[in-house]
Each structure stands twice: as C-alpha cells, then as structure tokens.
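Colleague: From TrEMBL, here are the annotated features:
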DOMAIN    4-50  domain 'Inhibitor I9'
DOMAIN    89-330  domain 'Peptidase S8/S53'
ACT_SITE  Asp97  active site, charge relay system
ACT_SITE  His161  active site, charge relay system
ACT_SITE  Ser374  active site, charge relay system
DOMAIN    500-596  domain 'Subtilisin-like protease fibronectin type-III'
Amino acid sequence: MQAYIVYMGNKRDEVSTSSLYTSMLQDVIGSHIGPESLLYSYKRSFHGFAEWMRSSVFPNEKKELHTTRSWDFLGLPIPKQVDGKTIESNVIIGVFDSGIWPESDSFNDKGFGPPPSKWKGKCQASTNFTCNNKIIGARYYRGNKLFEKEDIKSPRDSDGHGTHVASIAAGNLVNMASVQGLGLGIARGGFPSARIAVYKVCFGGCYDADILAAFDDAIADGVDIISISLGGSAKSYFTDVVAIGAFHAMRNGILTSTSIGNEGPDLGSISNFSPWSLSVAASTIDRKFYTKGISINTFDLKNKTYPIIYGGDAPNKKANVDSYISRYCNDDTLDKKLVKGKIVLCDVENEGTGQLSAGAVGTVMQGRRPTSASFAFPLPAAYVSLEDGGNIYSYMNSTRSPTATILKTNERKDPYAPYVAEFSSRAVPMSPEESSGAEFAYGAGNINPLKSANPGLIYDVDALDYIAFLCGQGYSTKLLQAVTGDSSSCPKGTDRKVFDLNYPSFALSTSSSNSISQVFNRTVTNVGTSTSTYKAKVSAPPGLSIKVNPSVLSFTCLRQKLSFTLTIEGTIDRQIVSASLIWDDGTFQVRSPIVVYAF
C-alpha cells in the first residue's frame, strides 16, 4: 500500500477537518478507509491531506538530500561580532533538512534576545534536544512512522547534512575553524545574526508528505526564508511538492531557496526549477586543496615511501573473498597479512574503513567521480582518475617492489574560480566562450550579496504573473488549481504569455532551420535613485538582431515602473548562443542574460 497526497489548496473554513477528509475518501474509495489511514492534515497555510491508499492524486515519493572562505569570496564582509539586536536578528530562516546539532558553536545564542514577536512556531524538545534564542524552533516529521534503528526521533541531526546547511545560511562566527589546520579562518554563515527554525523532514530519505507538512507549518510559523536542499526527479509543477509549497510561501511573502540538483554533469539534470523560487547551484571558490590526486588529506607521511599493493591481489580468502571483490577494498575483503603497512590501490572510492581495518598505511582510489569535490578519509588517501589509476597500476606491474607515498594536502589560490561544480550541472569557466552550454551550463552567474541589496532596477513579479506563466505553458484550469490551490483560471489570450513572465532573463527555443522572431514584454521598477536615466546596451552573436524599445528609460521617482519590449530576430549557427541586455545609468548596471537554443 502506498501513501498518497490529496492537495486541496488555500485555507478553507475550519470544517475541513481530518474527519471530513476521511469521509471524502470513504465516499470515493470505500468504507474500509478509516481515520488510522490519515498521515497528515494540512490546514495551517493551505488545505489537503496525506493518506495510506492504493491509488489517488499523486504518490508520496521519496526525495534525497542534495564552507570558512565562501562568503568572503562572494564579497560579503565578516561582521565584527554577532549582534542579536539588529534588524538581521528579526530574520527567521526555516531549514528543511535532516535536523540540526544544537551544541555546535555555530548555533550558540550568546548575545541574542528572545525570538521576534512574529514567531508563532514551537520547539519539539526532548531529552536530547532543546532550542535556544538562536535555534528558536524545531520540528520533525515522519508521517508513516517508519523509523530505522539509527534514526533519532527528535529534531537532532543524525546525518550532518542539515547542520551543514543551517551553518552556511546563518551560522555564528566561529574563530580558528579548520580541518586539522587546513582552511584555517572564521567559519560563519551568510547571515550570522539571523534566527533558525528547523524542520527535520529527512530520515535517510525525505518524503513528499513530510515536506508538504513542513511548508504548511513554516508558512504559519512566521519564517521569512525557507532553505531546502533536497530534491528528486524533475516533474510537472502540479505533482512537485517543493514547487507547490514554494508557491504558497511566495504568496505569503516568503522566499524559498532550493538546491538545483546533484545529478550533473548530464544534460537536463536539474530537479528544482520553479520560477517562484530561487534555484541555487554549487560553485567553486578561489581556494583549492591539493594532494597528488583529490582528497582532504590531513595526515603527513613525511615523504616516506611504502610498498603499494593492488586490492585485487590481496583477497581475504578466509572469508571466501576473491580478487573481483577485494579490488573494491570494502570492509573485511582484504587480507590483513598482505595489506598491513602498505598503501593499497582500490578500484572504487569508499570511506576508507576497509583499508584502515586491514592495516593499510594509506590508500589510492580510482574512479569516475567528479573532481571538483574533495573528501576526508580516516587514513592517508588520494582519489585519482581512471587514467591516472591505470598509470599507477602499470608502474606497479613494471617493478618487483613498487613503492609510493601520499602527500599531505596543501591549499592554494585557484585562479580559474568560480566555476560550477560537476555534480551541480557542469564544471566550466563561467563564460559562453568557454562553455558550449552557455547559461544552461552555469546559470546567471555568482551572486553579489552587497550589490543585490541595492540593484538599481528590479523585475517585480507576483502570483498573478506566475498564473499567467502556467497558463502560457498549457496548463488546464484543473491543473492550474492543483498548483495555486484556489479558483484561478486561465483567461483568454494567455497562450504565449510564457514569454512575458516578468523575469530578469530571456530564453527562447527554436527549430534550427527556422528564422527566429520573438517579442518579450518586461517591466522594471526603479529602486535606485529617484531621478535616473537608463540606456540599453545589447550584446548579440552574429546572425541575431536584438532590439530594445524604448532603448532609454527615464525615471522621475522611486518605485516608478516603466515597460519595454525586447525583440529577437535572425538565425543561429550553433545549438546554443548567448547574449545579454544591460540597463546602465552610470551608477547601476542591471544585466539580463539572453539564451537562444535550437531543439
């Protein structure tokens, strides 16, 4: 039997109770459905329910969980101290993840006053978990009640992912933070004076019913931002609980920031992409940790060399392990007598525990994993490509007594940063000249936190704009209402409104054999100086004509709105071409990427 979600939309009167939901199901499915089948009753911010059923609207699918220099690299200065009495301390960030470890120095509440008066949430305290004035609320969700032995039935983090994500968003200043001396500096979040509300929706995996319940609570609790670093396969908006929850958050003035996915570098691999949320990829910074190979190796072998052995040549025959299995170096697969005191070459990356328990002094692992991420291991270790691994294996077979050493990691400045991590779509330099995928490979670019607070112009958008966008994508009224949760309908004349969503970017798909002709309508709002004149600057590749009308926007006051059209005409000689529009008043430069691609 599967759990299914029946989503009914915006708040209704209080007659919409769990007994009514059960009665509805009994009418449709049969009297065998009882109240014990109810997993959740969503009623604080929108209405719906999740029940154990054999079929229904959409299934309760399982999703998966998707640093001291990062914020410095982005240009956000380190505050002198965390001040719990600033405007920032009234900001509440809701973190949907695997929970949090409250004892971490990142979440100490020294200097913080009581929670903001707008906070309506709660703390599911237990014998092993309490909140404070930094972590002002915490809940956990497991509607199906299916817990594993290792699961912690509280908001406490048993995975580490949630603690990591929360500290990146709003961790306090932690001095002298490092990994055994590497990366020494001040660890801190982007907004260290902000408060944190924890919504633990992940116990190994993260179920849709639990995620939707967390959205229901977080919106009513009074959070300002929702951070959600998890996802599954790409799907339609009306069956995507992250998109649905984020839509309701947007209607309540709450920004939802989502991870874009970890399935790169394959094409079309993003999983969270609704236009009403902020989709964020992982990029590199200008600090890189170097070993001979890829790893965070804090061990120092003092350049001493040791015998090196191939895992496939050291099977644990006492445990009936053959060389085909031992080459992966998993737990209890290696012969301790053959491996002890040696460096072992393995045909896969693992946690290193098998090599360590067999007495290895170090390990070299080879594979195809993207090289833009490094991990630490419990013994000296290096991760290398299959090509380099093959060269090492060839060397080992060329001499009777092969030896090797593993150097301690050192840090250097990376002159090519930033580029998008391979697991987060692509790994390239961020420019159309260097990447055939253009903005589809690396997005709109790295955020500039300081300039984003004073951008000059904004492309404002509201729920009605998004409704017109969905209508332009061909959604029927029924499917539209599955996302909006109200009586919205598609008015006539919205067939091509998908191009007119007031978004600060322009994307156009076309047949490579066709001549291109498309008009985009946009409206910008002045938030810079009260009197200003912006001129349009367009860069376009050969074959394309991009015109802006009017090409000059003159503002006479703040919050004034002015509209313009952008027309693209011509042909392209590549699958994807990149262009841009910049509105420039001499003080502010407001850039919009333009991408045209052939299908």
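Every residue gets a Cβ built from N, Cα and C, even glycine.
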Colleague: Mean pLDDT for the domain 'Peptidase S8/S53' (89-330), as a whole number?
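Modeller: It averages 88.
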Colleague: Let's see if you can do this one: DSSP helix, strand and coil counts over the domain 'Subtilisin-like protease fibronectin type-III' (500-596), in that order.
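Modeller: Helix/strand/coil tally for the domain 'Subtilisin-like protease fibronectin type-III' (500-596): 1 helix, 61 strand, 35 coil.
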Colleague: Taking only the Cα atoms, work out how far Ser374 (active site, charge relay system) lies from His161 (active site, charge relay system), in Å, as a whole number.
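Modeller: Each residue's Cα considered, Ser374 (active site, charge relay system) and His161 (active site, charge relay system) end up 16 Å apart.
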